[in-house]
Every structure is written in C-alpha cells, then in structure tokens.
Amino acid sequence: MKERKFFGTDGIRGKVGSGQMTPELALKLGWAAGRVLSRSGTKKVIIGKDTRISGYMFESALEAGLSAAGLNVMLMGPMPTPAVAYLTRTFRAEAGVVISASHNPYYDNGIKFFSTDGSKLDDNLELEIEAELEKPLVCVESHLLGKVSRIEDARGRYIEYCKGNFPAEHTLTGLKIVVDCAHGATYHIAPAVFRELGAEVIAIGDKPNGMNINDKVGATSMGKICETVLAESADLGIALDGDGDRIMMVNSKGEVIDGDQILYILACDAKSRGVLRGGVVGTLMSNLGLDLALQALDIPFARSKVGDRYVMELLKELDWRIGGENSGHILNLDHGTTGDGIIAGILVLAAMRRQNATLEELTSAMEMLPQVLVNVRFEGEHDPLKSDKVKAVQAQVESQLGLRGRVLLRKSGTEPLIRVMVEGDDHSAVLAHANLIADAVKSAS
C-alpha cells in the first residue's frame, strides 16, 4: 500500500498551529474529503469535537471545506468520539468527523474520519483524500454549495443510546459513583447517563474551559479520582479521557482497575451468560495476568499490536467480539463499532448487578503480575534490537522467568526510544531484569 503523507494510524494529529494542524490544512482537508465522499451516498457529513479551544477554529474550517465541495454538514458541538460514530450510523451520513487529540494536552488537536457504518475510515479512502489534497481547491458553483445545520438533540440521543445498553431489569439505585470526565467531551453526558440509571453521581473533571482537558484528571491521571472515591466513601469510580473512548475504573478501596481487568470482567460475564463468541483480544502490552486468568476459564486469548485499530483488525479476523488495551480502549462489537468509555462502564456495572458483586469481587480471581516498563533513548540509524548482546540478555531473562513471566522489546513509533517491558511474579526481580536488558540496549546504542 502507498505510504500515507498526512493520515496516521488514528487520523491527523499534532500541535495546533504547526505542522499539519493548521486552519489552512483543515479547510483543504474538508474540501478534499468532500470531493471523495461526494462520489457516492447521501452527501451528508457529521462533525463532532471535544472541548479544546482550537476545536471551534477547526470546526469552522472543516465545515467550510466540506460545503465548498458540495456536502451538507451537520454539527454536533462537543460530543464524545463514540457518539460521533453512533450518530453517523443513525443519520445514515456518508461520514463522521471528529476533532480531537484524545488524551493529549489542550494545545494538541487532531482530525479523524468515520465511515458510514461508524467504523474507522478505510485506508484506501484516506489515500484518495490525500491525492485530492495535492490538487488546487476549486469551489462548486453557488447552487451546489453544501448547507450547514446543527443536530440540536445529539446529547439526548446519545444518552438514551448509552442507557439502552444497560439491562432493563436492573438499576444502579444504591450505588455511589465518582465520574471523572477529564474536562472533556463527556462532561455533559456521562454524569447524566449514570444518574438516570439510578446512581448517586459525584462528577469531577466536568468544567471544561477549553484549556484544561486531561489536565491532572481523566483516565490518564488517576490520582484525583482515587482520592475522591476514598473521601466520598464511593462504591467505585469511572474515569474517562478527553474524547470519551477510553476508560479506567477505581474500586471502593481506591485501587485502579485498568483495561485488562475490565476485559476480564466483560469476558467472565459474557461466558456466564453463554454469549461469549470466541475469546478476547488484548495487545502485546496486556498483562500476563489477564492471559493466565482467561486460560483458567478456558477462554482463548490473542494479542495484537499496540493500538485499538489493530485490536479491531484482529477481532474481525477471528470473528470475536471483546477486545481492548490495558490503557482503557475497550471494544465490544455487540455494543458498538469503536471504543466507548461510557458503554464499557455500563457493561461492567451490568455485570456487577447481574452477579450482585462488587468491583473488587469481580476482579479477585485475576492476579495482575508486576510489570515494569523502561524507556531507553538511542541515537543514530542503527537498531539496538538487532544487537547480539541484547538478544542474549533477553534470552537469559526469559529463561529465568519461565512460563510466569514475559519480556517485550519494541521500538516507539514516534520517538527514538526502545521500550523494555518485563513481567513476572516478583516486582524486585522484574525491575532488576528490566534494568539488565535496558543496560544492554544502552550499550548497543
């Protein structure tokens, strides 16, 4: 496949005002996408965004470009990424566009597209859009310009969709839940969803100002929610990231429940109800404890490359339904086409209600093995992973760890780093093993 110049694995992303994330590029991108998408379908595109201050600028530029290509645009305002995917399907739009940089700081932003079925846009269509970007922008004639409108009830539609994923025979009455919205796109949705299902909700990270998204709150910064769960004597906490496609949870003891543990809960619940299709897809970074816990239940487990895009690809290849990353991207293809933090939280709460169990009880049979990650910076064009010394040290460590341990060495896709990950039963031994391999990588650099 031809190498892509603009699109990465999750759309276009970068620092606002530099590189690709400029209003000029957004305008041209809207026009180029409009040219490609107008060749078939309804000529209707939905745009949603998170709460970054730059989102308004990019929204205006994109809608102008799409209109100039003859496409009608429907604006949603601040809405979670999975909400854009859902409403793209229900409105039978030709595509959905999300303006977000997910868990990144406010000064970054990004643009990604969903196809008409709510899945990530096909690689070939992205290549066609890139080809159009190389051409001069030519506006359609005035009578062919696209119209721009707003979806006034987008919030209500998505809240009802989320609630529809919770079993009708149960409620959340009696549960006290802390919900951290990361000052992001779920701020006006997630607390309402859980309140309307009956829970007492304490919302934090629900006051976006355009520049505080993901700032010491949300799924990538768990300190605040852990403190709040303990201070409020809450039953659990749900932390979402800036665009709502990622979730981490907290039990009543203030302990973090990560994506691997959430996958375990969902797989166990599905198996107990006889609805588990196949097994579970994790990634190369998934904790070995998840693998071993699923083995004990005779649930197959497979690993993809890191990234929810690759989890989705392997799920489709195996025809399985449940997969995700330890970072909190959770996919359940029976309940959506993309990662959805609110839906994942609802499914965990449903499992708690069905089994009349606490979050601690649902994860008690899964032992998370100590995992140490060391980043080693290197210089030059050579690959330290090809070093005989590094290979020898890795083999030595793997031999000592046996079946209750794991070593993973991989290059960062964005920085000159080698990521050294070691898992095993004993934290001090795992740390020593990781440092031993890291030293070998440094000496080979």
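Cβ atoms here come from the backbone N, Cα and C positions, even for glycine.
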- request: Could you look at Ser102, Ser115, Ser119 and say which one Swiss-Prot places alongside Asp241, Asp243, Asp245 in the Mg(2+) site?
  value: Ser102
Message: Around the Mg(2+) site formed by Ser102, Asp241, Asp243, Asp245, list the extra residues of the same chain whose Cβ is within 8 Å of the site's Cβ centroid.
response: Asp50, Pro80, Thr81, Ser100, His103, Gly184, Ala185, Leu240, Gly242, Gly244, Arg246, Gly339, Gly341
- line: Sequence-ordered list of residues in the chain of Asp241 (Mg(2+) binding site) that lie 6 or more positions away and have a Cβ within less than 8 Å of its Cβ, or none, is Ser102, His103, Ala182, Gly184, Asn214, Gly218, Ala219, Thr220, Ile247, Gly328, Gly341
Reduced DSSP assignment, Ser102 (active site, phosphoserine intermediate): coil
- prompt: For Asp245 (Mg(2+) binding site), what residues in its own chain, 6 or more apart in sequence, show a Cβ-Cβ distance under 8 Å?
  reply: Pro80, Thr81, Pro82, Ser102, Asp308, His329, Thr338, Gly339, Asp340, Gly341
